[in-house]
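Shown next, in structure tokens, is the structure this report addresses.
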Amino acid sequence: MSQGKRVGIVGAGNVGATVAYSLAMLGACHEIILRDNKMDVARGKALDMSQAASAVRSHTVVKVAEDMSDLVNCDVVVITAGSPRLPGMSRDDLLMINAKITKEVIQGVAKYSPNAIIIMVSNPLDAMTYVALKESGFDRSRVIGMAGILDSSRMAAFIQEKLGYGGGQIRASVMGGHGDDMVPLPRYSTVAGVPLTDVLSDEQIEEVVTRTRHGGAEIVGHLKTGSAYYAPAKSAAIMVDAILKDTKQIHPCAVCLDGEYGYSDVVSGVPVMLGANGAEKIIEVTLNDTEKEMFKNSCASVQELIDTLNTNNFFEGE
Ligand SMILES: NC(=O)c1ccc[n+]([C@@H]2O[C@H](COP(=O)([O-])OP(=O)(O)OC[C@H]3O[C@@H](n4cnc5c(N)ncnc54)[C@H](O)[C@@H]3O)[C@@H](O)[C@H]2O)c1
Ligand SMILES: O=C(O)C[C@H](O)C(=O)O
């Protein structure tokens, strides 16, 4: 199934290189093409990874794109180009700088890999997914943002830490945008099938929810020079693998809504069925009034960023 598949990765920094490494170790595709402005860094990492793939007898080869035109006929392209935040910054502070980079690289992707499925990673994630959608002109099913798998995994890890058991058996659920007002859903979270509310107190659940919302900043605070990359990269690799293998499994992903949950023309994180055609189906789960209100606030935050781009005539001339 994965034979002959080609994955492009734009941005060979911490996240991009780790996505590439993860895919190469899985043997998820035949070729990975790394593109970064820092050509020598990309070259060095591609060589290093191809040698690691060889060590584990993986058929994946990792190459470098001299420019965007080498990113031709990719099945999936992962976009991690852009600045990460530093301590004291919010993801939204990256809006204008990363929107410019996203615009430029997406135009290249649309030109050279017109049939690709784009997985956005750069922050602020939901707004960058919106930019990628508009700049590519692709159907919304082919422009998908990575955040929900990461945020849910973080929530699961924090639940495990609180409980002291259940690792690998925890299914946590997070919807909404990838910002401080994301929507962790304890009601849809379980430990080996047992509702979270049966094993943690309300107070403990609230602590998990708050820590999940600030999970990215917690790591930025420790690293100081950038943001998380192991869990983000693995989450993106899971999406790539699901698409290449046409698994039809459901993962929380950021997509442009078109009436789902009562919203349109705004990107938010929702459960999505991933397959060979990208986001093949959006699942609408039942939210109670409190959850609906949180989802509404989260969509409003993403909408504000889109409005800022429009106010700055970012999409003008298209
Ligand atoms: N969605 C998420 O959950 C999530 C998680 C982690 C990081 N991120 C975001 O991903 C982005 C990358 O993070 P990182 O830690 O890998 O940063 P990084 O600085 O390590 O890597 C970014 C890379 O992009 C490259 N780049 C910049 N402009 C480019 C261009 N026009 N063409 C090609 N390459 C270009 C840089 O040279 C650099 O190597 C950041 O915006 C970060 O906030 C998102
Ligand atoms: O926190 C960040 O800025 C990076 C990423 O969005 C994350 O959640 O780890």
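Glycine is treated like the rest: Cβ placed from N, Cα and C.
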Check TrEMBL: it lists Gly11, Ala12, Gly13, Asn14, Val15, Gly16, Asn98, Val121, Ser122, Asn123 as binding NAD(+). Then name which of Asp36, Asp75, Asp139 it lists for that same site. Asp36
Compare the Cα of Arg91 (substrate binding site) against each of the binding-site residues Gly11, Val121, Asn123 and report the nearest. Asn123
Cβ neighbour count within 10 Å, max among the recorded positions Arg85, His178, goes to His178
CB within-chain contacts under 8 A for Arg154 (substrate binding site), separation at least 6: Arg211, Thr212, Gly215, Ala231
Nearest to His178 (active site, proton acceptor) by Cα, among Gly13, Val15, Asp36, Arg85 (binding-site residues)? Arg85
